[in-house]
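Quick look at what TrEMBL annotates:
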ACT_SITE  Tyr452  active site, schiff-base intermediate with substrate
DOMAIN    39-123  domain 'Copper amine oxidase N2-terminal'
MOD_RES   Tyr452  2',4',5'-topaquinone
REGION    541-577  region 'Disordered'
Amino acid sequence: MWLLGVPWALALLVSAAPPGPSVAPLDPASIFSDLSPAELRAVRTFLMERPELGLAPSRGGPLAKNSVFLVELLPPPKRVALRFLAHGGPRPRREARAIVFFGAQTEPNVTELAVGPLPRPSSYRVLGLKGGRAVPFWARPMTQLEYELLHEALVAAVAPLEPLLREATGFGFQNCSARCLTFSDVAPRGLGPGERRTWLVIQRFVEGYFLHPVGLEVLLDHRDADPRRWAVRQLWYNGRYFGGVRELAELHTRGELPLARLPEPPARHLFSSYEPRGRFFTGTPTEVHGAKVCEPQGRRYRLRGNRLEYGGWSLAFRLRSSAGLQLFDVRFGGERVAYELSVQEAIAFYGGHSPAAMQTKYMDAGWAMGASSYELARGVDCPETATFLDAHHLLDADGPVRFARALCVFELPTGVPLRRHFDSDFQGGFNFYAGLEGRALVLRTTSTVYNYDYIWDVLLYPNGVLEAKVHATGYIHATFYTPQGRRYGSRVHSHLLGNLHTHLVHYKVDLDVAGTGNSFETMDIRFENISNPWSAGARVRVAQPGGPRQGWERDPPAQTPTQVGAAPGLTPPPHLPRYHLAVTRRHENEPSSSSIYSQNNPWDPPVTFESFIRDNETIEDQDLVAWVTVGFLHVPHSEDVPNTATPGNAVGFFLRPFNFFDEDPSVASRAPVIVRPLDPPTCSRLQIQRWTPPSPGACVHPEPFTYNGTYRPV
């Protein structure tokens with residue numbers, strides 16, 4: 001048995017998988033590898049050449065066009081993959097998933113296509129969503145083109161406010177050069193189906209502009225495919241609502257508008273920047289390097305394409321553009337323990353007084369968080385010793401884009417022994433000491449979805465434990481401070497309110513323990529008051545393990561409701577998972593618990609998790625999926641400036657073997673140290689047993705720090 005460890009007070013989490021360098025054609029793991037740049041180009045070229053699709057380039061042109069939005073791997077059906085992996089069956093057909101915006105037709109929509117076979121596609125078919133749901137055009141994710149048009153429309157619409165903005169902030173939209181204003185948009189984009197109207201938070205464009213709102217928020221309606229029909233519907237300035245731009249501008253002209261005057265930003269040591277300022281009280285030197293990770297005898301893990309091997313572990317991985325890390329065929333000791341572990345969704349629901357704050361309910365799969373995997377810095381994001389891997393995405397682009405160093409792999413000293421024991425003789429000496437150093441292999445990537453940075457980790461331990469974890473960092477989503485806003489957060493700077501919000505992350509864990517026929521049960525502790533068998537008349541209270549086996553999907557605790565962020569407005573909408581843990585029968589038409597369309601259509605989304613459990617199927621001796629939700633409530637505070645720090649803002653969960661092995665499998669490691677006295681109880685002569693070299697040797701990485709930071713078409 002394998003246990004899904006759920007530290008409820010903390011939270012849970014699982015991770016996924018990145019693309020590697022060149023994939024060995026015959027490696028079984030390559031059936032799960034991300035599409036290569038050549039494959040991405042081949043799919044796009046094939047679709048562009050189909051006359052019946054009438055496709056135009058993604059960049060430029062009108063919004064009302066047909067275009068390819070996303071291309072990524074379409075994993076093979078599980079039964080086909082297992083037939084190949086476990087039984088020597090035929091290699092699965094390699095296909096791509098393509099999302100196409102059909103905007104140039106009478107009833108615009110979004111359609112998903114399966115394209116193949118790769119590497120030379122020759123056909124496509126429509127990929128239907130569960131229940132035959134269609135995706136309306138207004139529910140599509142935002143594109144770079146729409147953002148450019150949105151910016152143009154905003155600048156033109158608020159031109160009458162330029163004197164107000166210049167007087168209050170010293171910045172503007174018109175001829176601004178180095179003193180420009182920008183905006184952040186929030187979602188959902190409306191209050192019901194069919195809407196596409198977005199609140200825009202106006203900010204000074206300085207380093208860390210997320211922390212520089214100027215007190216103006218603008219509601220811009222951009223549902224029409226013709227940007228000339230877009231219009232500002234409402235404004236909010238310094239705590240007041242206004243029906244139009246002219247009303248606000250005229251009040252300012254007449255001197256009847258209380259201005260939110262902002263101080264001039266300093267040239268150096270801006271509060272939102274990373275520039276050092278101040279000193280530690282103890283005088284700890286920080287101008288020198290601190291402790292580092294090293295590999296004195298070289299790497300102890302192996303990467304073969306998208307296959308990762310370490311100790312008893314072996315797995316395939318990918319980094320899908322739509323939702324991020326995904327692991328397949330996870331094995332320990334050659335035996336499969338999970339078919340898939342993958343990130344499904346990351347949401348952040350906010351409360352606030354301003355319209356943008358109260359409207360913000362981010363669902364990051366709707367922003368293609370997997371494609372926000374920007375360059376990892378050697379020595380900061382990952383140790384200098386790490387192996388770095390590139391990723392290639394075709395998202396809202398006319399060709400594949402290379403994201404350098406998007407993933408990293410490294411072995412990490414945990415700083416605590418995996419296990420140890422000092423066996424005292426209780427006479428001032430000892431019988432023996434033994435310990436095994438703690439180490440884990442880490443697979444890491446990040447998602448920077450505008451202001452927030454999520455650091456996604458999968459840790460593999462030598463005792464058969466897998467930990468999945470996410471750290472939240474980056475800039476808080478902040479709004480302009482007003483006294484009324486104090487009910488919804490903290491004043492973190494002079495003009496800045498840190499809004500209360502909840503983070504929830506959802507994962508899919510398709511466990512295959514000793515095959516696909518699994519059952520689900522929980523273990524709890526119960527106490528029994530029994531007669532003491534060795535003392536007549538006395539009773540003793542003893543603890544016993546116990547817990548029911550769940551036979552159906554809707555049996556508690558096959559559904560364990562989550563209470564994270566239970567404040568009004570901060571709970572997940574009905575279509576998203578509302579449970580710490582839910583267990584369902586696996587179905588090929590239920591590959592994900594959320595979708596890229598939920599952000600802009602949370603009212604009637606094409607994927608609704610509740611439908612997975614509504615039929616209440618049996619979950620005894622079946623192919624099961626555990627859907628795991630982890631999260632935490634974030635009450636921002638001044639120490640979140642300039643950024644939210646990772647300590648205290650991480651959640652995760654463990655997969656642990658439970659009576660699966662005869663003993664701890666880490667006994668296969670040759671890294672323990674055993675010390676025995678040769679002359680007890682004097683203990684003046686010791687026998688020290690080691691199976692590794694006596695000294696690890698030099699531990700310095702010779703290469704200087706370098707960074708590029710670009711992601712370019714290839």
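Cβ atoms are placed via backbone N, Cα and C, with glycine included.
A TrEMBL annotation is a machine prediction, not a hand-curated record.
Less than 8 angstroms from the CB of Tyr452 (active site, schiff-base intermediate with substrate) sit Ala348, Ala472, Thr473, Gly474, Tyr475, His477, Thr644, each of them six or more residues away in the same chain. Under DSSP, residues within the domain 'Copper amine oxidase N2-terminal' (39-123) fall into helix, strand and coil as 20 helix, 27 strand, 38 coil. Taking the domain 'Copper amine oxidase N2-terminal' (39-123) as a whole, pLDDT averages 96 in the prediction.
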